[in-house]
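Summarising the annotation, TrEMBL assigns domain 'Lactate/malate dehydrogenase N-terminal' to 7-147. Here TrEMBL flags Gly12, Ser13, Gly14, Phe15, Thr16, Gly17, Asp36, Asn100, Leu123, Thr124, Asn125 as NAD(+) binding site. Positions annotated as substrate binding site by TrEMBL: Arg87, Arg93, Asn125, Arg156. Sequence annotations record features per position, and here TrEMBL assigns phosphoserine to Ser149. TrEMBL lists 152-309 with the feature domain 'Lactate/malate dehydrogenase C-terminal'. Residues or ranges marked as active site, proton acceptor in TrEMBL: His180.
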Amino acid sequence: MGNKRKKISVIGSGFTGTTTALMLAQKELGDIVLVDIPNMENPTKGKALDMLEASPVQGFDANIIGTSNYEDTRDSDLVIITAGIARKPGMSRDDLVNTNAKIMKSVTQEIVKYSKDTIIIVLTNPVDAMTYTVFNESGFPKERVIGQSGVLDTARFRTFVAKELNLSVKDITGFVLGGHGDDMVPLIRYSYAGGIPLEKLIPKDRLDEIVQRTRTGGGEIVNLLGNGSAYYAPAASLTVMAEAILKDQRRVLPSIAYLEGEYGYNDIYLGVPTILGGNGIEQIIELDLTEDEKAALDKSANSVKHVLEVLQ
Ligand SMILES: NC(=O)C1=CN([C@@H]2O[C@H](COP(=O)(O)OP(=O)(O)OC[C@H]3O[C@@H](n4cnc5c(N)ncnc54)[C@H](O)[C@@H]3O)[C@@H](O)[C@H]2O)C=CC1
Ligand SMILES: O=C([O-])CC(=O)C(=O)O
């Protein structure tokens, strides 16, 4: 019989949703169902058709449809949630919480109606809290509700380090723990260029500047765009997580995961190193942290808790 094509639903046909849909299709990870609200149905159909018409040129086989009807998402292997509002200059991600929590609840109810066994990746901000909301609303086991932040934050860090050292991005690895906010915790101790610790290659003051630029990397793009937030690197990040899951690759990637005692936290979604595979989060990897690292992570976890309290 061979392998059946996978079905991936992307909720939200805005900047991140459409860019993700195209990247997933270009990598032939499955057929794509792009979903938005009824008011956006025609533009969503139009974007899907436009992408489909790129497929003969680029030579990828993937069906792509646009819809506002969740029946079309039935039996999805993976659902990616990008629905909701994005921030504008002067706003923090947390300012989006009330509007986007309502959207997460309604969207999750619809997803679960048609795909009880699916895996959900959440992008919508404030993403740690929104992943928690989707987890609660879905009733899914924790390993099947995952948030995206660390792949993107690490990608930004790797970009800045590669530029600093004038080296290939391929040889740079990074490591970011914590919530997807300005107090995220990039761990230099676990970051390398071709296996060489970065601390041996870049002076401390420059490394500190790179860490700070990584922390505010989302805001840097928001300020440049003026009317929305990043979408190319976020879409690439979602695509690598989707690939790890759909191909059961068991990749070591950072994810926003539900913690039950790991790193000393309970009943919270937070960015940690994980193994991503066919079952979603197959494992959370726990590492010993120095006192300073733990204090920084506590600060980041507290920010996420404050946002969650707003939602109680
Ligand atoms: N976690 C992360 O690393 C990142 C998170 N984000 C977040 O992703 C979200 C989306 O960003 P963009 O795509 O740039 O925004 P966008 O405004 O371009 O697109 C959002 C889309 O969601 C749709 N939508 C709203 N309510 C909906 C509902 N109930 N059902 C279905 N669709 C609905 C809108 O009609 C719109 O088409 C934002 O919250 C943003 O902050 C963006 C980049 C990175
Ligand atoms: O900054 C934002 O609002 C969007 C986002 O999460 C990012 O690009 O990291």
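Keep in mind that glycine also has a Cβ here, set from the backbone N, Cα and C atoms.
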Listed binding-site residues are Arg87, Arg93, Arg156; which of them have CA atoms within 10 A of the CA of Leu123 (NAD(+) binding site)? none
Least surrounded, by Cβ count within 10 Å, of the recorded positions Arg87, Arg93, Arg156, His180 is Arg87
Round to a whole number and give the Cα-to-Cα distance in Å for the pair Arg93 (substrate binding site) and His180 (active site, proton acceptor). 9
Here the binding-site residues are Gly12, Gly14; the one whose Cβ sees the most other Cβ atoms within 10 Å is Gly12
Using C-alpha atoms only, work out the spacing between Asp36 (NAD(+) binding site) and the residue listed as 'phosphoserine' and round it to an integer in Å. 22
Surrounding CB atoms that lie within 10 Å of the CB of Asn125 (NAD(+) binding site), all protein chains: 26
Please count the residues of the domain 'Lactate/malate dehydrogenase N-terminal' (7-147) that DSSP assigns to helix (H, G, I), strand (E, B) and coil. 72 helix, 25 strand, 44 coil
Leu123 (NAD(+) binding site), number of other Cβ atoms within 10 Å: 29
Using DSSP with the three-state reduction, classify Ser149 (phosphoserine) as helix, strand or coil. coil
Mean pLDDT for the domain 'Lactate/malate dehydrogenase C-terminal' (152-309), as a whole number? 97
Can you list which of these recorded positions (Arg87, Arg93, Leu123, Asn125, Ser149) have a Cβ closer than 6 Å to ligand 2? Arg87, Arg93, Asn125
